Structure formats: structure tokens, C-alpha cells
Amino acid sequence: MDPQVPRAAGVPEDPEVPGILHLDMDAFFASVEIRDDPSLRGLPVVVGGAGARGVVAAASYPARERGIRSAMPMATARRLAPDLVIVPGRMERYREISRQVMDLLRTVVADVEQISVDEAFLDARPARRLFGPPEEIAGLLRRRIRDDLGLPSSVGGSVSRAVAKIASARAKPDGMLIVPADRTAAFLAPLPVSVISGIGPTAVAALERIGVRTVGDVRDIPASTLTRAIGPQAVQVMRLADGTDRTGLGRRVRDKSLGTERTWDEDLTDPQEVRRRITMMADDVARQLRRSGFSARTVVLKLRSPDGTTITRSATLDQPTSSGERLREHVVALWERERARMPRVRLAGVRATHLAAAGPGGEPRELTGRSAGWQDLETAMDRARDRFGAASLARGSTLRNDETVRSEGSVRRDGASRPGTDGRRPGTDGRRGSHFQG
């Protein structure tokens, strides 16, 4: 922890101060590409695969104005915007910038809980003595990110993490919205119930059947009726609806997840090739866990066919792990059970869920000599990859007979090598922050 961060100021954490902030980078992948290549500014830019089966991973706001959204087939995006600029993704670059963003946040706020490559929750309450009320802290963070990194961001603030996340989404793009404690219920009341994290299409349909379409409708429904409709989630939904939720940072580690997925231009039809790809994904997820200091109780395999049929299967482990060997074992077993139902694979993903902090000593060592040996090997591989690059080592089982491991530089759409931080141009703050007034 940076010794200059404001926790030392000793300001008590007042649960009624809307100091739980959710900071979300705006169109992060696309914004990084535009920052690195200013000639893209103002154009409909998407990040993703340009092939026939390519999918939009991120879209700039000019592209969104044409109706283009993440996860949209690239062919559809091209029809909506014939002048679309497609840029291949550069995950290592995005992770590098993400680390810079998180490091910057920690120079102002001690408690930063990163939840993805482009977003984080922060508890700004202890920083008030040095930097002022939460809205001033949020404004300071946004200015620093814009001025130092040349990127836009949006911030929501509330007395709870769930409402802060909803507020940041309402503030986009490049905005800020702070919801005072006594205005929380009024802020949420007219919003569709689907804004609540964890309420998916199935739960939305169940709620609509009992007359619940907005968050405000929840207050008119008996708790027993709500529980029958959506199960244990009802308690959290009721707390949000009446404005009494005060969930802060560090209390929902089990709901976190880490993972990776990929869509291919050419469908995978060889079961052994699918097995090879998901094995590589399991290794990548295990490394993410170790780098983040987490162990996972559950591993999830996601498969999608060319017609859009999606299969999601999970396996629960006997104890949390960050071992690539154990994740691979379960992912491969899930694939072997489902391979007959999925002769052609367009998308595959591996995700680790139900996470627990591994603690200062990491997870408990496995008792068997074979597993302990794998743990030692994976630790050594992590160190080598940190020193020589992620592509410097690979397991033999993940290589095709005709394949060698190599690290390639990224290429711009015109074939020239990508700049690093050159050409950075700070954005302009075109929107003012606000409080919700009801």
C-alpha cells in the first residue's frame, strides 16, 4: 500500500456517506486504440476479429451511435456502418493500461477492488479529509485518468456497491453521478429491474409474471411472493428497492470470477483441437488466479455452436485451487461429456468462480507428490513468463505438431507496427458530474 494514500487520515467510515464508487473506463479497448492512434478519433471504431465469423469486442461511441454493440457479429456491424474501422485486439496492451489505471487509483484511494480489466470499486470515505467529499474525489480520479493516461471514464457513487455500479452506467459516457443515501430509493424506483446485478432474463421473466417490472414495483410485493419467484436473491433485491443496502468493498469475493473466452473465424470441428484450446484457456485462468491472489471452488466451461446454441457446464472442486493441472482436468472432463452435442464449436470459454482469497501463503499445498510437483512447476513457469513474456513457455500438450511458440508484435490495420504510448492526446471533459436529485 502506498504510504501516502489517505487511510492514515483516519476519517471514520460513515455508512450514510455515498463514498462507495464504481469507476468504469468508457469503451476501454476502443479508447486505448484511439489514444494510441489519434487518427481514429471521431470514427466508428470497433475492436474484434475482421473475419466472416468475427465478433465485436468493443465499440467506440461513434460506432455505438450507429447501433453497434459488443458481442454483435462483425458482419452485422459492417452493414450498420460501411465505413467501420476494425482494429484487432491487443490484450497485453489493455492489461498494461489497466495496471496503470489501477495504480493511479491507489495513489488517491487506499481501498481499490478491481473487478475486471476496465472497472473497479473504491471506498473513498477514508480519503475525505485529504481530498474532500466523494464527488470531489470522483472528479479528481476522472481528471487524473484523462490528463495522465488520455482516457475517458465514468464514475457512480452511492452508499452501496450495487447502486454505485448502476449510477456509473447511467453517467456514461465520460460522466459522474453521485446518489445520496436519502435519494437511493427514488433513484432506483423507475429503473427496470434488470439493472440489478444478477437479475438475468429468467429472473426478469419470473418477476414480470408477478407484476414486477421496475425496481420500485418490488416494494409493493410481499416478501414471500418475491422469494417464490426468484429465490434467495429476493433479500438483496428488497434491500436495494427500499434503499437500505449498504454492501461495501471486500464482502462479495465469492461472487467474483476470472476467465477467458474466444470466438474463432473458422469453426473448430476436431475434438482434439477443441481440447487443446480449452486446455490453454484453463492454464491462462489458473495463472490469472495466482497473479490475483485467489483460489476458485468452481470451474465453468462455455461452448457455442455456429447456430448460436450455447452450453454452459460447471464442476465444483473439493477445495479451492489455483492449480492449472486441476482446472485442466475438470475442463477436459466437462468437454468429454458434451463433445457429442457440439460437433462444431465457434466460441469457447473457461471461467473460475466462487473465489476465495488465497491468503499470504497461497492455497494449501496438495497432499499428493504429483500435485505438489505440479504446483512447484507452475510457480517456476509463472516466474519465467513474468521475466521473458507470456509466450515464452507452453506445455507440450497445447502445441500442434506443426506449431512452435513465438511472440509476435501487434500490427496496425495498415500493417505498420503499433505505437506504444506515442500519439497520446488527453480527452476533453465534455460532461459535468452530478448528484441525483430525484
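Even glycines carry a Cβ here, placed using N, Cα and C.
In TrEMBL, annotation is done automatically, which means it is predicted and not curated.
Reduced to three states, the DSSP call for GLU119 (active site) is strand. Take the CB of GLU119 (active site) and look out to 10 A: across all protein chains shown you find 19 other CB atoms. Taken from TrEMBL, the feature active site applies to GLU119.
The compositional bias 'Basic and acidic residues' annotation in TrEMBL covers 400-432.
Annotated region 'Disordered' per TrEMBL: 395-438, in sequence order.
Taken from TrEMBL, the feature site 'Substrate discrimination' covers PHE29. Its own atom aside, the Cβ of PHE29 (site 'Substrate discrimination') has 26 Cβ atoms within 10 angstroms in the protein chains shown.
Counting in whole angstrom, PHE29 (site 'Substrate discrimination') lies 12 from GLU119 (active site) by their C-alpha atoms.
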